[in-house]
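S.K.: Let me give you the structure first, and then I'll get to my questions.
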Amino acid sequence: MRFGGVVSLVLGFIVSVLAGPLHPRAASSTQQPVDVTYKIEPFTQAAGLVQQTYCSPSSYEPGLQLGDATFLWRIGDGDQRQRVNLYHSESLGIAVAIQGTNGSSTRSILNDFQYNPFDPDERYSQYYPKGAKIMNGFQIAYVKLVDDIFRALKKYKREKNESRVTVIGHSQGAAIGLLAAMDIELRLDGGLFRSYLFGLPRVGNPTFASFVDRTIGHKLRWAINGRDWVPTVPIHIYGYQHPSNYIWIYPGNSTNWKLYPGQENVHGIPTVPRVFNNNDHQGIYFHTQIGGVDGECPARVGAH
């Protein structure tokens, strides 16, 4: 997310607060942080695959190797639709990586701007509990991609004789990725293997967040870097809630990280002031840079 996207998202945040009703705060966890027991290598690999979605599509072709993964397929132009790359990875299976906000695209920025909560899309609404709400802009962006993603997953799972599907995203791409991870678990044969999300904004209301926990909580891995402000929007009191168990890298871009159990854990990121720049949102995650359009192209897995 570049500076233009930052400004637009902040303005959208202000407008949403002024225009919309406030909701009672949902529960926030007070559990103490614990050591991260997940394997770190898949985070490192996943970060490189999502960084590559920010690179110019004309600069690489199918067959590109990134760590243990081979690039297979892409859709999206970063404008009308967010870019999505598919890879075949030894550690992750068929990996779906989704680009974050394109700061040079008004359409991409507007996905971040549309804060109003909506019902789940008709494609998957039957699987969601009554009362679940999803941020409109993120759902619009996902719905533009979902049919092509599902077709590609079926094709490459068959061709590669691969049962595992992993969803990866950064920033807006993490929000879209959370919807994709849920949808794949609910509607695709074989379901979801893992999801790795970096700099995740809030996507839905407490009913949605709790359904995420019940459905893919044991498969979801998501991380916040330093004083990144993006995971704090849409604001909690506007009715949005994160799923459980974020990993907080603090100080930002370091190798110091802890897992914060439960939803909206009060002992982690709420304890430090936000920094409204990209130094942490686009930074080093588990030894790999996610730098957006200003990052490393091709991505370098585990280079930091």
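Any Cβ shown, glycine's included, is placed from N, Cα and C.
I grabbed these lines from Swiss-Prot:
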type	residues	note
ACT_SITE	Ser171	active site, nucleophile
ACT_SITE	Asp228	active site
ACT_SITE	His281	active site
DISULFID	Cys55-Cys297	disulfide bond
CARBOHYD	Asn102	N-linked glycosylation site
CARBOHYD	Asn161	N-linked glycosylation site
CARBOHYD	Asn253	N-linked glycosylation site
SIGNAL	1-19	signal peptide
S.K.: Here are the glycosylation sites: Asn102, Asn161. Which has the lowest count of other Cβ atoms within 10 Å?
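M.R.: Looking at the glycosylation sites Asn102, Asn161, the Cβ with the fewest others within 10 Å is that of Asn161.
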S.K.: List only the single closest residue to Asn161 (N-linked glycosylation site), chosen from the active-site residues Ser171, Asp228, His281 by CA-CA distance.
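M.R.: Result: the closest of the active-site residues to Asn161 (N-linked glycosylation site) is Ser171.
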S.K.: Does DSSP give Asn161 (N-linked glycosylation site) helix, strand or coil?
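M.R.: Assignment for Asn161 (N-linked glycosylation site) reads coil.
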S.K.: Given a separation of at least six residues and a C-beta threshold under 8 Å, show me what packs close to Asp228 (active site) in the same chain.
M.R.: Gly199, Gly252, Ile269, Arg274, Val275, Asp280, His281, Gly283
S.K.: With every protein chain in view, what's the tally of Cβ atoms within 10 Å of the Cβ of Cys297 (disulfide bond), excluding that atom itself?
M.R.: 15
S.K.: Using Cα coordinates, what distance in whole Å links Cys55 (disulfide bond) and Asn253 (N-linked glycosylation site)?
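M.R.: That comes out at 21 Å between the alpha carbons.
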S.K.: Which one is it: of the recorded positions Ser171, Asn253, which Cβ has the fewest other Cβ atoms within 10 Å in this structure?
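M.R.: Across Ser171, Asn253, these recorded positions, the one with fewest Cβ atoms within 10 Å is Asn253.
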S.K.: Consider the recorded positions Asn102, Ser171, Asn253 and say which one has the Cα lying nearest the Cα of Cys297 (disulfide bond).
M.R.: Asn102
S.K.: Among the recorded positions listed here, Cys55, His281, whose Cβ has the fewest other Cβ atoms inside 10 Å?
M.R.: Cys55
S.K.: Express the distance between the Cα positions of the residue listed as 'active site, nucleophile' and Asn253 (N-linked glycosylation site) as a whole number of Å.
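M.R.: Distance (Cα to Cα, whole Å): 16 Å.
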